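Undergrad: There's a structure below that I have some questions on.
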2 protein chains.
Amino acid sequence: MEYRKIKDEDKDEGAAGDDIESLRNKSLTVPRGNVATIGGGSNDRSKWKCKTIVTFALTILTSSQAILIVWSKRADKYEYSVTTANFLVETLKCLLSLAALARIWKNEGVTVDNRLSTTLDEVSVYPIPAALYLVKNLLQYYIFAYVDAPGYQILKNLNIISTGVLYQMILKRKLSEIQWAAFILLCAGCTTAQLNPSSDHVLQTPYQGWIMAIVMALLSGFAGVYTEAIIKKRPSRNINVQNFWLYVFGMVFNAGAILIQDFDAVMNKGFFHGYSLITVLMILNHALSGIAVSMVMKYADNIVKVYATSVAMLLTAVVSVFLFGFHLSLAFFLGSTVVSVSVYLHSIGKLTR
Amino acid sequence: MEYRKIKDEDKDEGAAGDDIESLRNKSLTVPRGNVATIGGGSNDRSKWKCKTIVTFALTILTSSQAILIVWSKRADKYEYSVTTANFLVETLKCLLSLAALARIWKNEGVTVDNRLSTTLDEVSVYPIPAALYLVKNLLQYYIFAYVDAPGYQILKNLNIISTGVLYQMILKRKLSEIQWAAFILLCAGCTTAQLNPSSDHVLQTPYQGWIMAIVMALLSGFAGVYTEAIIKKRPSRNINVQNFWLYVFGMVFNAGAILIQDFDAVMNKGFFHGYSLITVLMILNHALSGIAVSMVMKYADNIVKVYATSVAMLLTAVVSVFLFGFHLSLAFFLGSTVVSVSVYLHSIGKLTR
């Protein structure tokens, strides 16, 4: 996973050799203080390139994550503690951010933008997304009293709509009418692609289930949009520092979850009980996709994130045909068609707004 | 069903009293030769009104047609001969066109545009749509060797795509990119709305079935587009004369079908064997919707026709919930959402092209 920072290229717009590596090397000569991010003032082409790379990385990582989950379920290797795994994911993300920072410090020296030390004003907002996710994950235990697991998969598509609404409300960036139409289609298309003969059960969900599903969608959407707001608030701040602080609080909250939920199991059976190769791969993959999500927030936005993860869902199904002999349903083809049209409309919607 | 002709209003643009009836009365003073149609030169508002009325009529008639079919199936009243019913539909349409013409002749006198007599050049193209529909109906008997009835309902949605392709190719009227996206969505949405647990069978359709389905979609699309071309070729020609000639050939071809398929049954049991109140209502409804289709061809186009019949399909399902206690599936809601977005995109697609 390539998640190094790409530097300002104000002095070298549209240069021939503007691939990531050459940008990185050239930027070594850029003076201190201007060692900023792609977010502010770098040229459009490298911006676009960076956005494409992180989006592509997120799509592939999300897709392989889902494949690892299917694999682990089929191999019946699900006896490890989820809370310890989540804690390790946050720890790994933290370490990877520090490693990236160490490299940057060695090459460029410590600057205002890439130093780890921070102010209370800057750091005070970082626990909020982690706290929101914690509340959402707690709710997840209760919603299963009203909805079964396949039904929950269907209801999770409400995240798409909540992200769109909160994105426009909180970040004040307007989606065009066509982009809104595309977003509704994305939600309908993803749900259609996941339809199976028992999906109609979801319509019998009691109102408590609907309310919880909507609250969870809002929490998840809000956490995503809030993370974007935090990261974008300081465009010149190095993304690895921003990630470090996000993940430190992720570690803290997940350590709390271990204490509350799995303290006895960890004490009796050990921290790594039930871990296998698949578990390690899943932790690695989760860590990398977590970093990819942060990168998408920095260089793109929540809308791109939703598209990337939706396309990943379709990609997973196609890959599963070859890996696990899955059959694709007619609903899957129809849903994929709708999602494809949605991606197209989103891209042309930008031009006409 | 109001299907009287609306006259040119060149001299009275944007007048207060431009409802259909007042237009009709005013136009009595318009000189011969200018007693033309809405198609050429009348003001935009009355054009739009006429288009809306015929589209609305087609939607309601198509929807109630489907409800009558469900009703007749539930009442087990399906023992009448379909070919005799089809013949009666064509005859009724012919008589209704003549009645409308008689009224026009009485009010306005016989003109070049509303006289029934015609040239070989004009009339020679009229049998083509009827012949195309006949070939399509013949193929319908053979396709059931490869596809079951619910599968055929799914495959029939290919008509939407074939109509769009042939409309653009033959009538040389370009759909915008957004309108094409909307058209693909319309096809996917209608199919999604019709999904049921056994729909996946359709993916196992042998290639002969696919080829026949595609050929039938092309025949049906071509017949529709060709009818529009015939009707639009002479914009000033009275629609009732054009309908008369279309339906005369419909009668001829359907008489042929009786002779080939049901001659013995008609001879032994009689022409009206098995007819009931529902049958009569169905014939009446088919005749009126046939006329509505012609009107849509004259004042709107095949694209509007496809949208009207697709929306009618959704309307039928909703009405069936109240009439027959049907349950709506999640797939229906998703498909309806996609169709609604498609209608919206089609309307804004016009503005941006």
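Just so you know, glycine gets a Cβ as well, placed from its N, Cα and C.
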Undergrad: Out of B:26-44, B:159-177, B:330-348, let me know the one TrEMBL marks transmembrane segment.
TA: B:330-348
Undergrad: Out of B:53-72, B:84-105, B:306-324, what stretch is closest in contact terms to the transmembrane segment (B:243-260), meaning most Cβ pairs under 8 angstroms?
TA: B:84-105
Undergrad: Below 8 angstroms Cβ to Cβ, which residues of this chain, lying six or more residues outside the transmembrane segment (B:84-105), approach it?
TA: 3-5, 114, 116, 238, 240-241, 243-244, 247-248, 250-251, 254-255, 257-258, 262, 266, 271-272, 279, 282-284, 286-287, 290-291
